[in-house]
Amino acid sequence: MTNYREIAWQGLWKNNPGLVQLLGLCPLLAVTATITNALGLGLATMLVLIGSNILVSLVRDYVPKEIRIPVFVMIIAALVTTVQLLINAYAYGLYLSLGIFLPLIVTNCIIIGRAEAFASRNNAFSAAFDGLMMGLGFTLVLTVLGATREILGQGTLFDGADQLLGPWAKSLTIHLWQVDTPFLLAMLPPGAFIVMGLLIALKNVIDKKVKERQPQVAAEPSVTRARITKVG
């Protein structure tokens, strides 16, 4: 029986693809200059994850093991192309902002990794839930990273939200303080590396504190085996 709580825990925290597995670092560090770009890439990745997991789970019994990886990649590429065309049609500004990193979702190790490790061994519903949780965990990391970099670099939040949600979303932009010159270190990839390292360190500290608060399980006493030789 599938443990959905464990799947959610793995995707959102314990085995988070961004903070623990460190997968998809290239787009994660390059595109997250603003929270809008981070959300756009995260949602696109999550849609592809869910769709690829479902399709891989449905065809797993019909694909020979020898050619499963090329078949999985073709499925992922078809889904990425579909998502790319949808973003191009309905969120053209976001499409331009994400650039080459949108089609590069095909090569994202998170997607092919979940297809091989989970979707190819479980039913469609469980695979879809795994894709949702892994995608949501990745999107949360992207969002926190993008929000932190945008605040430090521009002093704003949700700048350019109209690219993702439409013209009405211009009113969502929050100006936290006036910035005459953007803080380039936060806006460029080196700043993303630093913020990402701090997020990983924060997660490790939280895990350590939680582990210390858990009751210690007493170790079982060791049993010493003695060999008795009967004499006489």
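Please read every residue number as a count from 1 along the shown chain.
Quick reminder: no glycine exception, Cβ is built from N, Cα and C everywhere.
Long-range Cβ contacts of the transmembrane segment (18-38) within its own chain (Cβ-Cβ under 8 Å, at least 6 residues beyond either end) map to 45, 94, 97-98, 101, 104-105, 108-110, 113, 137-139, 141-143, 145-147, 149-150, 153-154, 157-161, 163-164, 187, 189, 192-193, 196, 199-200, 203. Annotation source Swiss-Prot lists transmembrane segment at 18-38 (among others).
Marked as transmembrane segment by Swiss-Prot on the basis of sequence analysis: 39-59 (among others).
Sequence-distant contacts of the transmembrane segment (69-89) (same chain, six or more residues past either end, CB-CB distance under 8 Å): 40, 44, 47-48, 51-52, 55-56, 59, 63, 95, 98, 102-103, 105-106, 111-112, 115-116, 120. The feature transmembrane segment is assigned by Swiss-Prot to 69-89 (among others), with sequence analysis given as support.
If you look up Swiss-Prot, you'll see 93-113 (among others) marked as transmembrane segment.
The transmembrane segment annotation in Swiss-Prot covers 127-147 (among others).
Annotated transmembrane segment per Swiss-Prot: 182-202 (among others), in sequence order.
Within its own chain, the transmembrane segment (127-147) has Cβ neighbours under 8 Å at 2, 4, 7-8, 10-13, 16-19, 24, 28, 31-39, 41-43, 45-47, 49-54, 56-57, 110, 114, 118-119, 157, 192, 195-196, 199, counting only residues six or more beyond its boundaries. Within the same chain, residues 17, 21, 23-24, 26-27, 30-31, 36-37, 40-41, 44-45, 48-49, 52, 69, 72-73, 76-77, 80-81, 83-84, 87, 134, 138, 160, 162-164 sit at least 6 positions outside the transmembrane segment (93-113) and bring their C-beta atoms closer than 8 Å to a C-beta of that stretch.
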